[in-house]
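Shown next, in structure tokens, is the structure this report addresses.
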Amino acid sequence: MSASVIESKGYIASVEAPFIREMSEITHHMWSLGWDELNGGNVSCLLDEEEVARYINIREPQRTIKLTFPVQELAGKYFIVTGSGKYFRNVIKDPEANLGVLRVSGSGESVEVLWGLRSGAVPTSELPSHFMSHIERLKVDPSHRIVLHTHATNVIAMTFTHDLDELKFTKTLWEMCTECLVVFPDGVSVIPWMVPGSSEIGRATADKMKDYRVVIWPQHGIFVTGATMDATFGLVETIEKAAMVYNLIGGREIKQKITDRQLADLAAAFRVTPKAGILEV
Ligand code: 2HA
Ligand code: ZN
């Protein structure tokens, strides 16, 4: 990555800021996995004011962008987000053009651009789903920080051939790799196919986020939340791996599988509580 440093009214807004570096690295990684073709995918991360202020002038916003959906609950909060129409492939080469650091205004009706989104760029088209998901996850998990959307290839493929009932979908994922139940005992949720970028898909996604960290968008991708980039990305990796196994064995004779009794034993051994209504033991 370039070590360029941008002087801004006495502050040093450096692309070496840990939160800018983390976003640059994770988007590059996701692009390398083939999940984020073209401008597919978007990430947002809640930041602490003190951390932002160490690298960026937070007193003089560069411009304000009106939101089509008010987010009073997030007033005054800081985020780093990917830009609308921006390619994950390019973030690492030019973070300032492809990422933005925002503060939600006091009224919750607009965002102030503090850094990045160069040349009039705007935040991700999925900002409604991101912001509404942040609101719901913060209510149930004070350590929540990240919302990540990606076009994970095998998850998308699985939504063509598998029943979209979320309990059945979760059970199949648990059965694909032993690790799955331990990593997401709370399961995955699924919404119907909807037009992306809309407030409607944002509301449907956020509604699921009251009970789940994961929402699958059929024939589109996956929305995942978490407290750290490692945990959030690791969750996507694990689900995508299970979906890959499902797709690899699809249509072939199954000679043995993990039984419900074995899944229950696994949960007991790792002290996790499987989502109710899935295992029959
Ligand atoms: O950012 O992934 O869902 C492009 C998308 C829309
Ligand atoms: Zn998408």
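Placed from the backbone N, Cα and C atoms, the Cβ positions cover glycine too.
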Need one residue: from H28, H29, H220, the one TrEMBL lists with H149, H151 for Zn(2+).
H220
Please list, in sequence order, the residues in the chain of E126 (active site) that are at least six apart in sequence and whose C-beta is under 8 Å away from its C-beta.
N42, H149, P196, G197, G202
If you draw a 10 Å sphere on the Cβ of H220 (Zn(2+) binding site), how many other Cβ atoms land inside?
18
Got a sec? Which of these binding-site residues, H149, H151, has the most Cβ atoms within 10 Å?
H149
